[in-house]
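Asks: Sharing a structure, written as structure tokens. Questions coming.
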Amino acid sequence: MHHTTVALLFGGRSLEHEISVISARAVAANIDRDRYRVLAVYITRDGGWYAGGVAEQILKLDIADLIRTTSLEATAATLREMVAASAEPPFNFDFRGIDVAFPVLHGSYGEDGRVQGLLETLQVPCTGCGVLASALTMDKALTKLAAADAGLAVAVSVTVMSHAYRRDPEATHRLAVASLSFPMFVKPVSLGSSVGITKVNSESELAEAITHACSLDSKVLIEQAVKGREVEVAVIGNDTLEASPCGEIEPGSEFYDYEDKYIHDTAKLFIPARIPGDLQEKVREAALCAYRALGCRGMSRVDFFVDETTGSIVFNEINTIPGFTPVSMYPRLMAAAGTGFMELTDRLIRLAMEPEAGASA
């Protein structure tokens, strides 16, 4: 029996490196080995690609537990030491033997169209979105513009380039205070997992938050805080789409930040979301609208703020490679829709191998 070879890409150069490893471990455990041959491909923080060998060893590590019991820095050091000890050369595999790639690369250099473009050039089908949708949705500011153009409500915001802020920080402070009211959120535009996001409650906190975000990204979004529940929808499909039931996150801290997600595990998840049924249907319709407007394929998780007292639905962001960790919403939402984890990976691989309408041979 022929087994389709799936290259599971994980790690990567972004600040979400360790989260990618946790996601990949869950994906690897839920791919049907009777149907697929999995080739683990680990990408180091400095861009080295390693297949098999040390990549397989890293997948066996319980990275989530390592982060909780030691630290993020110690975990990163462990991964570096494992690669060095293996003495394997990077780029030790041939793309020609791969039938489909399954990138579980969160953040820059993985979720932003770069890897998707490489795979497309090599004519290797890839799970999830293509180059354009991946690049567009990686930029929170551009995503909001596209969502608003599609008729979705978005939070009021201002965008600043990091170099412009360093040149004249006071101009940015004046613009933010004149355009928005407190509380605000300051966000690097291209990072996920809530990395670098700060909630700002007063003008005295603004400079530190923007400086921090500018140290992580070339562009920063300063956004009006939105009242409402954090509601998420999983979407799957290419031409024919399916939206999951709505899920809700109740943060364990002021907002659903990196530590709340992956270290303290204090957030509460509710499926279905605690909003009326008719409002849930409107959120699901809005998720499908965003998915289509942004040109998504394969999968995405679409996030909103929902106020059940006013019926307000505000688009927040879309994740084209959502988390697949044990605490991640995307696989949980798909399970609530009747698609278990192993069936989910199978569907995503099959969707990747469908030809895109209008694509040249």
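Just so it is clear, glycine is given a Cβ too, placed from its N, Cα and C backbone atoms.
Marked as ATP binding site by Swiss-Prot on the basis of sequence analysis: 177-232. What Swiss-Prot records for D303, E317 is Mg(2+) 1 binding site, and it gives sequence analysis as the kind of evidence. Swiss-Prot lists E317, N319 with the feature Mg(2+) 2 binding site. Marked as domain 'ATP-grasp' by Swiss-Prot on the basis of sequence analysis: 144-350.
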Asks: Per DSSP, M184 (ATP binding site) is which: helix, strand or coil?
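Replies: SS state of M184 (ATP binding site) = strand.
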Asks: Going by DSSP, is H212 (ATP binding site) part of a helix, a strand, or coil?
Replies: helix
Asks: Check N319 (Mg(2+) 2 binding site) against DSSP and tell me helix, strand or coil, would you?
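Replies: Strand, per DSSP.
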Asks: Give me the Cα-Cα distance between K219 (ATP binding site) and E317 (Mg(2+) 1 binding site), rounded to a whole Å.
Replies: 16
Asks: Roughly how many Å lie between the Cα atoms of V177 (ATP binding site) and E317 (Mg(2+) 1 binding site), rounded to a whole value?
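Replies: With the alpha carbons as reference points, the distance is 23 Å.
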Asks: By the count of other Cβ atoms within 10 Å, pick out the sparsest of the binding-site residues V177, M184, L191, V226.
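Replies: Selected from the binding-site residues V177, M184, L191, V226 on minimum Cβ neighbours within 10 Å: V177.
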Asks: Just to verify a number: CA distance, D303 (Mg(2+) 1 binding site) to H212 (ATP binding site), in angstrom, no decimals.
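Replies: D303 (Mg(2+) 1 binding site) to H212 (ATP binding site), Cα-Cα distance: 24 Å.
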Asks: Given a separation of at least six residues and a C-beta threshold under 8 Å, show me what packs close to E317 (Mg(2+) 1 binding site) in the same chain.
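Replies: Sequence-distant Cβ neighbours: T137, K140, T143, V302, D303.
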Asks: Quick check for the class: what is the C-alpha distance, in angstrom and rounded, between H212 (ATP binding site) and N319 (Mg(2+) 2 binding site)?
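Replies: So the alpha carbons of H212 (ATP binding site) and N319 (Mg(2+) 2 binding site) sit roughly 23 Å from each other.
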Asks: What does DSSP assign L191 (ATP binding site), in three states?
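Replies: In three-state terms, L191 (ATP binding site) counts as coil.
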Asks: Check the DSSP secondary structure of V226 (ATP binding site), expressed as helix, strand or coil.
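Replies: Where V226 (ATP binding site) sits, the three-state DSSP reduction gives coil.
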Asks: I need the nearest neighbour of N319 (Mg(2+) 2 binding site) among the binding-site residues M184, L191, T198, E205, V226, using C-alpha distances.
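Replies: Result: the closest of the binding-site residues to N319 (Mg(2+) 2 binding site) is L191.
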Asks: List the residues of the same chain that sit at least 6 positions away from T198 (ATP binding site) in sequence and have their Cβ under 8 Å from its Cβ, in sequence order, or write 'none'.
Replies: F185, V186, E205, E208, A209, H212, A213
Asks: Taking every protein chain shown into account, which of the binding-site residues H212, K219 has the largest tally of Cβ atoms within 10 Å of its Cβ?
Replies: K219
